[in-house]
Amino acid sequence: MAGGTSDLRSNAATGGSNGLEMEEEMKLQDRQHSNGTVTTPAYRGNDMSVEANSAHKGADHDVPETTPNGARPQPPGTRKGSSPLAPAFMVSAPGKVIVFGEHAVAAMAAAISLRSYLLVTTLSKSQRTVTLRFPDISLSHTWNIDILPWAAFHSPSKKRKYYDLVTALDPELVEAMQPHLTAVSSDAPPAEQKIQHAAAAAFLYLFLSLGSQQSPPCVYTLRSTIPIGAGLGSSASTCVCISAALLLQSHALAGPHQDQLSEEAEKQLERINRWAFVGELLIHGNPSGVDNTVASGGKAVLFKRADYNKPPSVARLGDFPELPLLLVDTRQAKSTAAEVAKVAHLRTTHPAVAGHILDAIDKVTESAHALIASADFDSNNPAALQHLGELVALNHGLLFSLGVSHPKLEKLRRLVDDADVGWTKLTGAGGGGCAITLLRPTTTSSLSSSPSPSPSKLQTLQTRLEAEGFEIYTTTLGGDGVGALMPAVLTNGSAEVGGEVIDQDKFLRAEGREGVESLVGVVGGGAGGERGEWRFWRP
């Protein structure tokens with residue numbers, strides 16, 4: 001993944017694949033189904049494809065060709081043999097921050113260890129429902145699977161395969177969904193309803209595209225440790241989780257495993273990413289594709305957008321190091337459109353000055369990329385991190401010169417500078433929102449004039465920041481992308497035989513961000529460190 005550059009809509013953001021790859025995938029799928037087997041053993045009894053449930057096509061019964069919604073009904077008097085329910089499983093994807101380059105041509109975005117977690121619970125076949133439970137946005141809704149608009153989504157001219165490249169929504173399919181969205185959170189305040197409808201629409205479009213009327217009834221429960229509406233990619237993280245879960249259920253993914261070849265992991269990440277991008281289209285209308293690319297692949301990306309009428313190009317930075325990060329939410333409301341307009345006005349009224357500032361921001365991003373990509377870069381070397389940190393501080397100063405900072409962001413920066421724990425800049429469009437602090441290394445060196453931040457320094461700083469009304473997250477930059485926990489069982493120091501089974505009740509009872517991370521977090525639990533039961537697609 002490192003170093004590859006492409007058009008984000010046509011390839012990296014939407015998981016581009018060439019014709020040979022598609023042909024190989026279809027041949028593989030044919031081999032898998034020729035004897036009734038699939039690549040993911042845990043889901044053999046719950047194939048979402050129509051073909052897996054077509055045993056009655058030749059039955060000698062006088063039945064209508066289709067039901068009113070266009071789907072073929074089960075012939076009367078026939079009964080399919082029961083099969084055990086698929087075990088519950090989980091998927092998880094990270095949020096993101098912009099590390100360098102806001103408002104300029106080149107920018108760098110990286111994954112953070114704040115994540116979304118989606119628990120998929122299969123119900124008995126008699127239920128015939130699919131339910132969303134997203135308590136963080138107060139969304140809870142159930143659809144009857146049999147009355148969803150399958151005929152529209154599966155008509156020959158509209159049906160999309162799991163390996164298809166989809167870069168735009170089909171207006172007719174969006175319209176076909178609308179009657180099934182009107183009842184979602186109908187009593188909620190308009191602002192909340194907008195968020196809930198967007199999440200429900202993203203799920204339903206992907207469910208109808210990747211599933212079938214024979215899809216197993218399920219409950220999809222999502223909890224997130226990513227602040228919503230803070231420019232940290234929470235919606236993209238959610239879309240990546242939904243995409244990965246539905247693709248796993250439809251057997252379009254083999255699931256991550258320790259012996260997975262790099263090329264296989266790359267291809268499956270692209271598949272997850274392209275369908276997550278479709279979800280982002282439902283939520284944002286015209287997303288860049290950067291957020292879902294980071295949430296899928298993790299680590300970092302370098303993206304360039306010389307023309308805002310065209311999608312950006314992107315290069316994945318697969319060797320981006322994991323770095324300690326302090327993420328602070330100022331809780332100051334912001335408007336990306338307003339900050340972009342400020343910069344546009346400055347470029348109109350002072351083109352030479354604004355141009356030099358933006359060019360300097362590009363140079364900072366390029367310098368940071370060159371530093372991280374160099375063979376001798378060591379993130380544990382205080383001198384190397386000092387160099388990177390200075391670029392972080394320079395980037396913030398240039399953004400301040402553009403006028404996109406805010407008094408709360410400047411107060412935050414001064415407090416961090418006074419504590420001498422690292423280097424701070426705003427992240428995102430500015431005007432409020434969040435800031436990131438690259439923390440000094442945990443080791444000291446004669447090459448660095450500043451000592452490492454002691455726990456007491458960080459605790460004192462945290463107390464001062466909380467007194468100002470800021471929200472603090474100690475996180476990591478540049479970690480893994482999407483991962484799976486199959487089945488949803490963790491050791492967790494539990495006395496349960498085989499480990500602790502994560503069910504809906506436990507998942508929903510987890511209190512806040514700390515409770516979710518403690519119960520199911522990729523990093524968490526009693527022993528701390530990365531939980532070995534989670535598996536990731538790592539090219």
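Cβ atoms here come from the backbone N, Cα and C positions, even for glycine.
Please treat TrEMBL annotations as automatic predictions, because they have not gone through curation.
What TrEMBL says about this protein:
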REGION    1-86  region 'Disordered'
DOMAIN    210-296  domain 'GHMP kinase N-terminal'
DOMAIN    386-440  domain 'GHMP kinase C-terminal'
**Secondary structure content, the domain 'GHMP kinase C-terminal' (386-440) (per DSSP, counts of residues)** = 30 helix, 12 strand, 13 coil
**Fill in**
Using DSSP three-state counts, the residues of the domain 'GHMP kinase N-terminal' (210-296) come to 47 helix, 7 strand, 33 coil
**Local confidence of the prediction over the domain 'GHMP kinase N-terminal' (210-296), expressed as mean pLDDT** = 94
